[in-house]
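Asks: The feature active site is assigned by TrEMBL to ASP146, ASP451. Residues annotated as UDP-alpha-D-glucose binding site in TrEMBL: GLU117, ASP146. What TrEMBL records for LYS287, ASP311 is Mn(2+) binding site. Among the features that TrEMBL reports, transmembrane segment is placed at 21-45, 57-76, 521-540, 560-578, 651-669, 690-709.
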Amino acid sequence: MGKREGSGEESLPPLFESRRARFIGLYWVFASTILVGVCLIWVYRVTNIPRAGEAGRWAWIGMLMAEFLFGLYWIITQSPRWNVTYRQPFKDRLSHRYEDKLPGVDIFICTADPKMEPPTLVINTVLSVLSYNYPTEKLSVYLSDDGSSEFTFYALLEASRFAKYWIPFCKKFNVEPRSPEAYFALHSDVHDIKYGQEWLEIKKLYEEMKNRIQSAVATAEILVEIKKQHKGFSEWNLKVAKNDHQSIVQIIIDGRDINAVDNNGCRLPTMVYMSREKRPQQPHNFKAGALNALLRVSSEISNAPFILLLDCDMYANNADSIREALCFFLDEKCGPEIAYVQHPQGYNNLTKDDIYGNECFVVNAVELAGLGGYGTALFCGTGCFHRRECLFGRKYSKDYRGHWNIESQKTIDRSIKELEESAKALISCSYEKGTQWGKEMGLIYGCPVEDIATGLAVQCRGWKSIYYNPERKDFLGVAPNTLDIALIQHKRWSEGLFQIFFSKYCPFIYGHGKIHLGAQMAYCIYLLWAPVSFPTLYYVTVPPLCLLHGIPLFPKVSSLWFLAFAYVFIAKNVYSIVEALRSGSTLKAWWYLQRMWLIRRITSYFFAFFDTIKRQLGLSETEFALTDKVITDDVSKRYEQEIMEFGSANIMYTVLATSALLNFLSLVWGTKRVVMDRHSKALDQLISQVILSGILVLINLPVYQALFIRSDKGHIPSSVMFKSVFLLALACLMPIY
């Protein structure tokens, strides 16, 4: 594969290197001490179960089960930490070796709703990838519009015209990032720009284009003279509704056309708009169905050997990211076995300390890097480069050498109309019937997180995958900026992940003998988010209830058993802080993340568990909850001030508020009991539960503010507070067995 003449593969320096994290052996020793502490806690629980008839016997047994599950889950979380591996590509070597024969790359971007994902947001992602530092004649950009909106099509048409100015501007001045909106937000003052005049001109062109698009969306009308400028608008002369319309494929820029050039006379990339056919009562399989349709359409038009998948809100933040990814694929020794290269998800709208825990510093820097160390990087659905053959179901064989260094497969002798018509037939509702699409070919159907299942299936066919986390994030998107959106997103993820655990794609079954045991365990860190909600919910409700009744659930402070509990708690949290700080987080961001993990577990993950069970029993069907990318100014202002946004009567808030009120009451009553006890028995027996409630009260401070202090629209509604008080009263009146 790709040998240089007169030189063997062995003489070529590698295009990337892999480096394991330092001090892993030392961490094993430290983790072993925590494991000993966990085992001692289990022994204590088993050997000190209250006798039949004693108060708190069943609460104690529940604590045993909760701590046993916590311990098992902690053991699972160690698996990626045993094999943290970092990758470094050498793009200069790639350019020196393959510059004249770089492969074609197809870029897929998906959007589903023009209201929740505004067209201006979508085209900024499109423009950022059109202007990559890569031969434009080898780039093809495909937009899948599952909303089938003529405004999205119009925005893409406007973007194709603006690209004639934007692409040469970016390459001439090597600007970063190459999303116009992000670029002009970072460079808002012309005095900071050396190329001021050209900057002003391009900014004016961008603002004019943006205003035209927003005006069309606001008035819900595209002018007749604009519609006459492109034949594609005729598709909307028919009856077109979001879930009831014909196949639409429009080649907006034909990369084969030598006359399709930018203002510098350089060839433009191919640009294609696609909206697959949808009919009522016909399953469309959400994002997986859209991506599979893109696979077929692109194979008809450009058929590039490598594919980049992006969400419409995830713009390219590094102009060389294609070259960096190709270093992994084109490496002579390891490249042929690599199916995909996954980048972490980064965000451009995080608050200073990431109030909703979106960035996941430790997950990105440690856990995902550990999974990548096993050659089983998670496929996360966006920011991922794929080898086309792998997505089409090809199994890996040792004699496979790759077929990337071939001429483009574009059909030069076919007209645009012929290509469009042949592509339309591939995305009809009936095309996939009786085929292996969604099973052995393309992305897997039947799960809200089709990306994870698809990645696992690819790995079980013998392929390796790479996780690459560069210092400069290659892709940046829009993070949830309200608690509602954040919880809905995590509910969808955890529900889909738990469905995988129940399905034939469970790593311990499907991956047995195919991927490393450590990788199987690491997958389950995420697949088991939903069931871990139960021990968490138990821990935040039963100990404070027992504290109200004066029932101890932890060893006395004077007992040696107390040391095991104290050591595990302190060691885990101290290391968690160190790990977060080393991963680029801050102490305050770490604290916010602990709050969000608690909130997610007792709300999103808890409800996701039951929704998954209902689906397994056939009582409900899989749904895809799209997260809104548009918020009001007052919500945005509170987000920037790091004030948590509630503002609705979501049932999840009832659970959250009830838990917060219970722990506050428990802390007050428990403190009174400890202080008033003259013989200090309560201090010795109950102080652990008092401390636990105190920590939970500190975590829930924003909840108390939203319940009792705040008057803005982001507060928790009174109806939620009344329901929570009622549930709290019921819980306190319940006997503890």
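Each residue, glycine too, has its Cβ placed from N, Cα and C.
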Asks: What else in the chain is close to the transmembrane segment (560-578), if you only count residues 6 or more beyond its ends and a Cβ gap under 8 Å?
Replies: 30, 33-34, 37-38, 40-41, 44, 48, 74, 362, 554, 587, 590, 688
Asks: Tell me the Cα distance separating ASP146 (active site) from GLU117 (UDP-alpha-D-glucose binding site), rounded to the nearest angstrom.
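Replies: Taking the Cα atoms only, GLU117 (UDP-alpha-D-glucose binding site) lies 11 Å from ASP146 (active site).
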Asks: Let me know how many other Cβ atoms fall within 10 Å of the Cβ of LYS287 (Mn(2+) binding site).
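Replies: Step by step: centre on the Cβ of LYS287 (Mn(2+) binding site), count other Cβ atoms within 10 Å, giving 23.
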Asks: At the Cα level, what's the spacing in Å between ASP451 (active site) and ASP311 (Mn(2+) binding site), rounded?
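Replies: Here the two Cα atoms lie 12 Å apart.
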Asks: If I count Cβ-Cβ pairs under 8 A between the transmembrane segment (521-540) and each of 21-45, 57-76, 651-669, 690-709, which range comes out on top?
Replies: 57-76
Asks: Residues with Cβ closer than 8 Å to the Cβ of ASP146 (active site), same chain and 6+ apart in sequence?
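Replies: When sequence neighbours closer than 6 are ignored, ASP146 (active site) has CYS110, THR111, ALA112, ASP113, LYS242, SER275, ARG276, LYS278, HIS284, LYS287, ALA290 within Cβ distance under 8 Å.
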Asks: Please give the sequence-distant neighbours of the transmembrane segment (651-669): residues at least 6 beyond its ends with Cβ less than 8 Å from one of its Cβ atoms.
Replies: 487, 537, 540-541, 543-545, 547-548, 599, 602-604, 606-607, 689-690, 693-694, 696-697, 700, 703-704, 707, 716, 720-721, 723-725, 727-728, 731-732
Asks: Identify which of the binding-site residues GLU117, ASP311 has its Cβ surrounded by the largest number of other Cβ atoms within 10 Å, counting every protein chain shown.
Replies: GLU117
Asks: Have a look around ASP451 (active site) and count the other CB atoms within 10 A of its CB, chains all included.
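Replies: I get 23 for this one.
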